[in-house]
């Protein structure tokens, strides 16, 4: 009796399995037939054509830049034709900072790089530059940075009618971080009360004050370049100095803050009201601003006798 039941169950399930296979084969034949398109349209989901806004493929742009750089390999690798508006360098929809300010800064940096390559034999021994750099010198360097950034903020406030957007939406975090770092470094420096801002700092502050009275666009360019250059180099610079001086704690001013992004946002908004002459005046001032801010590197240029 049990044997018969098992045989019946086996036969029943085998028929079901065969029926499924037969149904699947017949369905595939039907879909391939002349009336199959009706069934396919019923079964398949609707497909919608999304006409998205055309976007810029930045990955291809980066690959193109790398390929162009490799083509310039050799002594001419840094000879870039900045007058040529390449497809990946120029976009009409971009704003003033990306269209004109950043390419100008890149051109200035490229010129400085060529000068460094010419004089690399003079600067080949880096130990000559670190011999006299002490914790007192580092504290003075931080004080110089703090006083310069503070003076820039004060000049923005004094000329509120011209720089109103920078007061409310511009940089405002870095000075607080530098102040906290000065308090900390002072605690690990002997005779820290005797350390005061350097003559280089006072000279640069005087230069900024004169510029703000004579040419506010030029002053704005100096302020932007100072913020931008410190933003790009601060993490590596401050960490390297702390490592050299055996300062264990991480400085707050070496961390990321959005001051430069806020500054560039304000520049873009201000430039909408500028004439072509005002934009060219600002761009021309970037060269002098880059050269002038290098005065603070004299802290590191004390060559041992």
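Glycine is no exception: its Cβ is also placed from the backbone N, Cα and C atoms.
Keep in mind that what you see is a predicted model, and the values were worked out from it rather than measured.
Marked as N-linked glycosylation site by Swiss-Prot on the basis of sequence analysis: 132, 159, 288. Look at Swiss-Prot and you will find 1-83 tagged as region 'Sufficient for apicoplast targeting'. Feature annotation from Swiss-Prot assigns signal peptide to 1-18.
Look at residue 288 (N-linked glycosylation site): DSSP puts it in a helix. Cα-Cα distance from residue 159 (N-linked glycosylation site) to residue 288 (N-linked glycosylation site): 22 Å (rounded to the nearest whole number). Rounded to a whole number, the C-alpha distance linking residue 288 (N-linked glycosylation site) with residue 132 (N-linked glycosylation site) is 29 angstrom. Within 10 Å of the C-beta atom of residue 132 (N-linked glycosylation site) sit 14 other C-beta atoms, taking all shown protein chains into account. Mean per-residue pLDDT, taken over the region 'Sufficient for apicoplast targeting' (1-83), amounts to 55.
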